[in-house]
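Engineer: Here you go, one structure.
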Amino acid sequence: MNICEREGGRCAEMAMVCLTDFEEYAKEHLSKATWDYYAAGADECCTRDDNLLAYKRIRLRPRILRDVSVSDTRTTVQGTEISFPVGIAPTAFHCLAWHEGEVATARATEALNTCYITSTYSTCSVEEIVAAAPNGYRWFQLYVYRDRKLSEQIVHRVEGLGYKALVLTVDVPYTGKRRDDIRNQFKLPPHLKVKNFDGVFQQETAGPEEYGIPANTLDPSISWKDVYWLQSITRLPIIIKGILTKEDAELAVEHGVQGIIVSNHGGRQLDGGPATIDALAEIVDTVQGRLEVYLDGGIRTGSDVLKALALGAKCVFIGRPAVWGLAYKGEEGLREVLQILNDEFRLSMALSGCRNVAEINRNLIQFSKL
C-alpha cells in the first residue's frame with residue numbers, strides 16, 4: 001500500500017528518507033492495539049523516551065583532512081564478520097506487522113549480511129526462519145521458564161538448527177506495566193500464536209494468558225546460577241541481555257559469558273532506569289575487553305550508531321525500527337531501513353574522519369565540562 005498524493009489522480013509513492021518516515025507510516029497503517037503494543041514503554045515511558053533523547057545530548061568531535069575516499073563499515077561479532085555494526089534486536093510477534101513475519105525479517109538480514117536475534121516470542125517457528133534464510137547469521141533470544149525442560153528443549157532445537165549464540169534476557173522476572181496494553185486488553189489475534197511453543201501449552205489454554213503464553217510461565221527466581229545451568233546444557237556462546245550497571249557487568253565476566261547487551265528492554269520494564277547509551281561507558285570500562293559489549297535502545301540514525309561505537313559498543317541492535325520496516329513493505333521495507341542506517345553510518349564515519357570501525361574511539365566524543 002502506497003502513501004499517495006491524489007492530485008489530479010496522480011499517485012506518487014512517498015520517498016522513505018529516514019527511520020522516522022517508517023515510524024510515521026507504521027503508526028498510520030497498523031491497528032491501534034498493534035501500534036500501542038510495539039510503541040509501549042513501562043509506566044510513564046520516561047526510560048523509553050530517554051533512550052532517544054540521550055543521543056541528542058552527545059556531541060561529536062570530528063577530525064578533518066583524513067582521506068575518507070574509501071570507507072569500510074565491516075566488523076565482527078563473536079568472531080563472525082557482518083557488513084556493518086547494526087543487527088536486529090529480538091522483538092516479538094512480527095506477523096502483527098507483516099503477514100510473513102519473522103520469515104521476512106530473516107531474509108532481509110541475510111540479504112544485508114548482518115545478525116538477527118530471533119525472539120522466543122516469534123510468530124514463525126525457528127525451523128521456518130532457518131528454512132527461509134538458510135545462510136543467515138542468527139542468535140536466539142531465550143527466557144528461563146519455571147519449567148526448565150521447556151527452556152532446555154528450545155536450546156537444543158536452535159543449536160541443532162545452526163543458531164550461533166544464545167541471548168539470555170535477564171530483565172523480565174515479571175513483565176513491566178505497559179499501560180496501553182492493559183487498556184487495550186492486548187492479545188494475539190486468534191490466527192497467530194507463539195509458534196515455538198505450538199502445542200506445548202494446550203492443556204493450559206483455559207487460564208489467563210500474557211503475550212501469547214500462559215501467565216506466570218516466566219521464572220522470577222532466575223539468578224546467576226541459571227547462567228551456569230545454561231552453560232551446562234549448551235556449547236553455544238551465551239550473551240546476557242539486560243545489564244545496565246558495572247556491578248552486573250563484572251558478574252557477567254566472572255560467570256564466563258561471551259557478551260553483554262546493554263539494554264533496558266526498550267524502556268518496557270523498569271521505568272526510571274538509565275538510557276542505554278548513558279549506561280554504556282561504565283560497562284565498557286569495567287569489562288575492559290574481556291567480553292564483547294553490545295547495545296540496543298534508541299538507535300534511529302547512523303550518527304547514533306557512531307556514538308555507540310565511539311563509547312565502546314561492538315555492535316548495536318534495532319528493535320522498533322525493524323518492525324516499522326516490516327509494516328511498510330515486509331522484507332523489502334526492512335532492507336530499506338537497514339540500508340538507510342548503513343548509508344547514514346558510513347556518511348557519519350566519513351564526516352568525522354573515520355575510514356573503518358577500528359578508527360572509531362572515545363576521542364570522537366565531546367565530554368562536556370561539568
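Cβ coordinates come from backbone N, Cα and C, glycine included.
Here's the feature list from TrEMBL:
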- 11-370: domain 'FMN hydroxy acid dehydrogenase' (DOMAIN)
- Y37, Y143, R178, S263, H265, R268: glyoxylate binding site (BINDING)
- P90, T91, A92, S119, Q141, T169, K241, D296, G297, G298, I299, R300, G319, R320: FMN binding site (BINDING)
- H265: active site, proton acceptor (ACT_SITE)
Engineer: Binding-site residues Y37, R178, S263, H265, R268: which have a Cα within 10 Å of K241 (FMN binding site)?
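Structural biologist: Of everything listed, what lies within 10 Å of K241 (FMN binding site) (Cα to Cα) is S263, H265.
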Engineer: Which of the binding-site residues Y37, R178, S263 has its Cα closest in space to the Cα of P90 (FMN binding site)?
Structural biologist: S263
Engineer: Counting other Cβ atoms within 10 Å of each Cβ, which of the binding-site residues Y37, Y143 scores lowest?
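Structural biologist: Taking Y37, Y143 as the binding-site residues, the minimal 10 Å Cβ count falls on Y143.
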Engineer: As a test of reading the model: what is the averaged pLDDT for the domain 'FMN hydroxy acid dehydrogenase' (11-370)?
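Structural biologist: When the pLDDT values over the domain 'FMN hydroxy acid dehydrogenase' (11-370) are averaged, the result is 96.
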Engineer: Could you say which of the binding-site residues Q141, S263 has its Cβ with the most other Cβ atoms inside 10 Å?
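Structural biologist: Result for the most crowded candidate: S263.
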Engineer: Sort out for me which one of P90, G297, G319 has the most neighbouring CB atoms within 10 A, since those are the binding-site residues we care about.
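Structural biologist: That would be G297, with the highest Cβ count within 10 Å.
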Engineer: Of Y37, H265, R268, which is closest to G319 (FMN binding site) if I measure between C-alpha atoms? They're all binding-site residues.
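Structural biologist: Out of the listed candidates, the nearest Cα belongs to H265.
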Engineer: Spatially speaking, which of the binding-site residues Y37, Y143, R178, S263, R268 is closest to I299 (FMN binding site)? Use C-alpha to C-alpha, please.
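Structural biologist: If we rank Y37, Y143, R178, S263, R268 by Cα distance to I299 (FMN binding site), first place goes to S263.
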Engineer: Quick check: of the binding-site residues listed here (A92, Q141, G297), which one has the Cα closest to that of Y37 (glyoxylate binding site)?
Structural biologist: A92
Engineer: Can you tell which of the binding-site residues A92, Q141, G297 lies nearest to R268 (glyoxylate binding site) in space, using Cα positions?
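Structural biologist: Spatially nearest to R268 (glyoxylate binding site) by Cα position is G297.
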